[in-house]
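Okay, so here's the structure we're looking at.
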């Protein structure tokens, strides 16, 4: 699978959208050479103040770029 960590203290939820888009690209590249990736591990960047907003943005991006059979692991980091 693929893992990304946006980083603690992220201030722009679009950084998660970009990370999901980049992950989709990696999944597609892997498929082109015969790998069937099944896991996406997302993490970092969430704080108590931004958790709700960032989680909603991340959820929307995951729905747009990944089918339901992909296993998503979320590691929010320090909250």
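Heads up, the Cβ atoms here are built off N, Cα and C, so glycines get one too.
What Swiss-Prot annotates here:
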BINDING   8, 45, 75, 76, 77, 78  pyridoxal 5'-phosphate binding site
Exercise. Could you say whether, by DSSP, residue 75 (pyridoxal 5'-phosphate binding site) belongs to a helix, a strand or a coil region?
Key: strand
Self-check item: residue 8 (pyridoxal 5'-phosphate binding site) CB neighbourhood, other CB atoms within 10 A
Solution: 13
